Amino acid sequence: MKIAVLGGGSWGTALAHLLAGKGEDVRLWVRDPAVVEGVNRDHENPRYLKGLHLHEALRATCDAGEALEGADILLSVVPCQQTRSVLRSLRPRLKSGMVVVSASKGIETDGLRTVGEMVEEELAGLAPRYAVISGPSFAAEVVAGMPTAVVLGCADRDLGGTLREVFSTPTFRTYSCTDVRGVELGGAVKNVIAIAAGLSDGLGFGSNARAGLITRGLAEMGRLGVALGARASTFMGLSGLGDLVLTCTGDLSRNRQVGLRLAAGQGLDAIVAGMGMVAEGVKTTEAVHALARREGADLPITRAMYAVLHDGRDPRDMVQELMTRELREE
């Protein structure tokens, strides 16, 4: 099976490495020639996964046509905010009925669309068969062969079962479900809560506060998800609770790092410019806040993070507001 992987960041590279290790014919499409050279010559991604050895069968290219030629599966791992433009530019090269799997986590800020909705809109007429893979999975640990469990959402149960087998290895266990919307929203909203958790940790608020944020963040995730047609039970799984816990507590979490740096007094623009990788939660906060207002969903943590990130509010003031809201039943 030939698989075209779009996006040579840490997660795209990790999944390409995983699939190449299974014997799949994988082509990794990357815009940076230095990354292409590193993957093909040194079997390393020098920009995003420096020091980690990649499978020698993995090949990278800057040529989208080369990556897509004869591909059975398109695995999209480009940043969410770039997904629409990438799909639009590649559409003439895509065949009808192609399997498109997203491993990106976020919501488009302009149109408030999930990746699945963007695929449906941009590839209309090509009848793409869509799936999304998500869950608690730091890229470096996947490349290192550490045990990882994720979930693959696909409305077509049979296709979901096939893709589950494609992605599974002895160290990368893939479950499947049919709630595509729930899997996508869990992977997006958890990044907003992770920034809040990092901010809380950085301000020295302790373990109690972090646990409270994770738990109430899960409630917000489910509240918005159900309003948008997802199943509440999905958020108790790997793409919801699992990814939320990892992203709020793990030191490799980019979104948690944003919160920590905000707490240290750094400005948001400087943080984003200095990270070298995309922290999806910054843009996703804006999108989730807008979705909540549109759907009439009460998301107080998201509202507070929007005020901090986009209105310049003092984090300590927002914590005070969260803690002194009207009391209610859980």
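Cβ coordinates are placed from backbone N, Cα and C, and glycine is handled just like the others.
Quick caveat, the model's predicted, so the values are computed rather than measured.
According to DSSP, Ser10 (NADPH binding site) is assigned to a helical segment. According to Swiss-Prot, the NADPH binding site annotation covers Ser10, Trp11, Arg31, Lys105, Ala139, Arg254, Val278, Glu280.
Sequence-distant neighbours of Lys190 (sn-glycerol 3-phosphate binding site) (same chain, 6+ residues apart, CB-CB distance under 8 A): Lys105, Gly217, Met221, Gly240, Asp243, Leu244, Thr247, Cys248. The annotation sn-glycerol 3-phosphate binding site is assigned in Swiss-Prot to Lys105, Gly135, Ser137, Lys190, Asp243, Ser253, Arg254, Asn255 on the grounds of sequence analysis.
In this structure, Lys190 (sn-glycerol 3-phosphate binding site) is part of a helix by DSSP. According to Swiss-Prot, the active site, proton acceptor annotation covers Lys190.
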(message) I want to verify one value. Collapsing DSSP to three states, which class is Glu280 (NADPH binding site)?
(response) helix
(request) Give the distance between the Cα atoms of Gly135 (sn-glycerol 3-phosphate binding site) and Ser10 (NADPH binding site), rounded to the nearest whole Å. (result) 15
(message) Validating a neighbour-count step here. Other CB atoms within 10 A of the CB of Glu280 (NADPH binding site): how many?
(response) 24
(request) Filter the binding-site residues Ser137, Ser253, Asn255 down to those whose C-alpha lies within 10 angstroms of the C-alpha of Val278 (NADPH binding site); answer none if the list is empty. (result) Asn255
(request) Select the closest residue to Trp11 (NADPH binding site) from the following binding-site residues, measuring between CA atoms: Ser137, Ser253, Asn255. (result) Ser137
(message) Tell me the Cα distance separating Ser253 (sn-glycerol 3-phosphate binding site) from Ala139 (NADPH binding site), rounded to the nearest angstrom.
(response) 10
